């Protein structure tokens, strides 16, 4: 299932880029969090953060390594059927690894408030105001059916910010071409232990820990 662009009204037709050669590579590893598991409390509790990082993200990393190893063997054998059959697992687990690696840095115990500088100017230009942007990204994230992500991305071709919703672990850039700046995980494992099935309460809380310095840095870098 592909990501849905909130401002486009139709699904993106772009597919994941062809997989590169995996013959020589290092295994993927679980990145350390830049803060303690309890640092985002009371907005996201320590139990959720520990399970989310040390169990869920770790599983994506482990499964990605297994799938890539099998893909390497299939490449060596010239087994195209096996290569094709492994691509969904690589997309799902690779997307999970990419998405969560961004997500952890998008959060901070010193986060919240509003962005400054170039990012704020771009938000006002493309959404009218920060309040409008926040409302729109919240609505798109709440509205994800089942599991997935809400994203703020940068459309390099059009030179503007864009909001998108992605199903499951579909990676934003790999399925839409948008460069990811801010991702909000709306899988239930990201909030259920604290907010039960009330996703809007989780979305309200997460704005208090958004690391705007990180998001701004990503925005400045992607424009170069």
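Placed from the backbone N, Cα and C atoms, the Cβ positions cover glycine too.
Residues or ranges marked as Mn(2+) binding site in TrEMBL: 52, 100, 185, 189.
The domain 'Manganese/iron superoxide dismutase N-terminal' annotation in TrEMBL covers 27-108.
Taken from TrEMBL, the feature domain 'Manganese/iron superoxide dismutase C-terminal' applies to 115-218.
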Local confidence of the domain 'Manganese/iron superoxide dismutase N-terminal' (27-108) - pLDDT mean: 97
Least Cβ-crowded entry, counting other Cβ within 10 Å, from the binding-site residues listed as 52, 100, 189: 189
Secondary structure composition of the domain 'Manganese/iron superoxide dismutase N-terminal' (27-108) [DSSP: H/G/I, E/B, coil]: 59 helix, 1 strand, 22 coil
